[in-house]
Amino acid sequence: MGCCGSAEVSTAWTKREWRPLEDRSCTDLPWFLLFTVFCVGMGSICGFTIVTGGAARLVFGYDSYGNTCGQRNEQIEGVRLSGLDHSDRKFVFFLDPCNIDIVQRKIKSMALCVSLCPTEELKTYQDLKRFAMFNGSELCSYELAGHKYPGLPERFTKCPKLPVPPSKPLPVFNRCTPVDISCYARFAEAVVTFVGDNSVLHRLIAGVAASKEIIIGLCVLALVLSMILMVIIRYISAVLVWILTSLVVLGSLAGTSVLWWLYIDHRLYGNDTSTKVTKEGKEEVEVSRDSSQALLVYAVAATVFTIILLLLMLFMRKRVALTIALFHVAGKVFIHLPLLTLQPFVTFLALLLFWIYWILVLLFLGTTGNPVQNEETGLTEFRLTGPLQYLTWYHAVGLVWISEFILACQQMTVAGAVVTYYFTRDKNRLPVTPILSSVLRLVRYHLGTVAKGSFIITLVKIPRLVLMYIHNQLKGKENACARCLLKTCICCLWCLEKCLNYLNQNAYAATAINSTSFCTSARDAFVILVENALRVATINAVGDFVLFLGKILIVTTTAFAGVLLLNYQRDYAEWLLPLIIVCLFSFLVAHCFLSIFEIVVDVLFLCFAIDTKYNDGTPGKEFFMDKALMVSRDDGGGGGGVARRRSSVGEVGPDRGGEWEELQEFQVYYLLVGVLVDWVLTEQSGFVLCLSEDVVLFLCFYLPTSTLFLFVSLLHTPNSAPSAKSAAVNAAC
């Protein structure tokens, strides 16, 4: 099941060859069986809640004595008024529906099963008596007779709070809900802390209701803009990338110049005024000196940052052409495979259905278990006790693992379709439905690989979520050292999760190419990424920045259209919430679509690196790549030069040392920038903590990563020296 237990691991790394789309076999079958067993466990939890009555209590409701409404109940030992026949009482009625526990997010009022909800306001106990006598629905506790309501001393504690508001039952969950939801508006105010007035809340809700057609139209606009942007990036990628790169460099130079100008001006102004200040104005001189020192620190930090940025641009200027070419080819992929644009809809639908199921089962678990009497309110509740309480934890792990599994299925599907496109020489002879073929290959051969990769992400994500929960609970209580340690651990786990996500995505692409197991695919993809480390850094830095700006462009365009449309019918206070909803939805849509574009670019790069390494354009070793990629293949990057293409399988080109040195320089500059930014943005007392976080991150994450890169490079280097013929060819090149 593990990496070390795979038979493919025994094969020497230098003898590994890529065989695109040649044969297929099942991969990681034990992990598929484990995932199947886990899903059966998830389904068993749902079955357990149904069998034990938790689902029925949630749907039909139950009273404060443990009786389920709408059915005959059994006696609960130690609970009075339990075991009643409520066959004709199908609705749950709360004596005080506005008595809400904001912390626990539940109604604290006593609940009764009634046969009819009051549709009119009941102001007196005579009205309660009349309602009970005419409708046969008693709204006070079961032991009280309806015709005696006005004169009973218990009426103040066991009858509903007057006046009883008119209510109607919910369509599915059979709860009597007040028609006037003003008390629930107060609950909403407590949840949404920025709303402090009932009138504001009602106006915002009214604005959303009145503008629903415009909101739907703007959401459709964001969807269309996202689909269009994925295609037109192909034609504007070169101009867009160079313009953005130039703007970043010019902005950095301008910001540095302004800071130095402010420092010089402040220094001259300070010197001019210091000669005129008397002894009484010493404090003003000190303030001026502190401001001057702060400006000097800012200017020096900005200068160092600009120099490092220029050096990085100098290192990566030749590799930007590859990013542009990949964006161009990715646009062609979407033209040949237009159904890829539907992949976010399918994934979102699958996630939505699973999340709805998960929430329902979680609610079922909330009404499942043994009856327990609440010591504070005296009401009967159902709670899981003993080993059964771990069912909730099992269910929570299922949320993370299955969600990651669905996202991984999307990555594998997209990777399979892109791999088929890339390694088909004649694009006019592509399969009729390459995406459907990729889905079928995934279901038939590679579900185990997807399950294993998603489980690895789950192992990292759950501890990070736990640490974030602990950090939030201890906010303001822990000391500085504990805060630094917690934040460092969370940051390290976050970085590890991002790296594993990227490695998993490339492992899925390698599996789609070679049909190898997860560990073998991850190892092979990792070797390719190490050989092209600076290319990877350039593509991720420049490409992600371009896609991020694309998301911002879609959001701002949609928001601008929303302002124009909403401003004609609503004032600012009323169309603010609809505009926020539209912006959030447009960013979500843009993120989903451009994430697919990002996956396509990453898979294309892996295919390009493999194609460049094992083919040289000679007969029998023709390139698979597009003409745009063929132009950019000789960009000076590691693993892509002529020497590497002409080396035999497993040989290391002479430029590996330069690639490694540039990678080391890049990481040192990155650490230096992080330290300087922390120095500028924090006070002197907090600088030590921020510096310690940067050093810990460098020692625990970046340095081990670099060492692992070097270790892989050494393992990948053959022991025997290259032949004289190969050496002569390399020297000639």
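Including glycine, each Cβ sits where the backbone N, Cα and C put it.
Unlike curated records, TrEMBL annotations are generated automatically.
Ranges compared are 29-51, 489-511, and TrEMBL records transmembrane segment for 29-51. Beyond the transmembrane segment (29-51), the same-chain residues lying 6 or more positions past its ends with a Cβ under 8 Å from any Cβ of the stretch are 1, 357, 361, 364-365, 367-368, 391, 394-395, 398, 401-402, 405, 447-449, 451-452, 455, 518.
Highest Cβ contact count with the transmembrane segment (214-233) among the listed stretches 295-315, 320-339, 345-365, 545-569 falls to 545-569 (criterion: pairs under 8 Å). Here the listed stretches are 320-339, 393-423, 545-569, and the one with the most C-beta pairs under 8 angstroms to the transmembrane segment (575-608) is 545-569.
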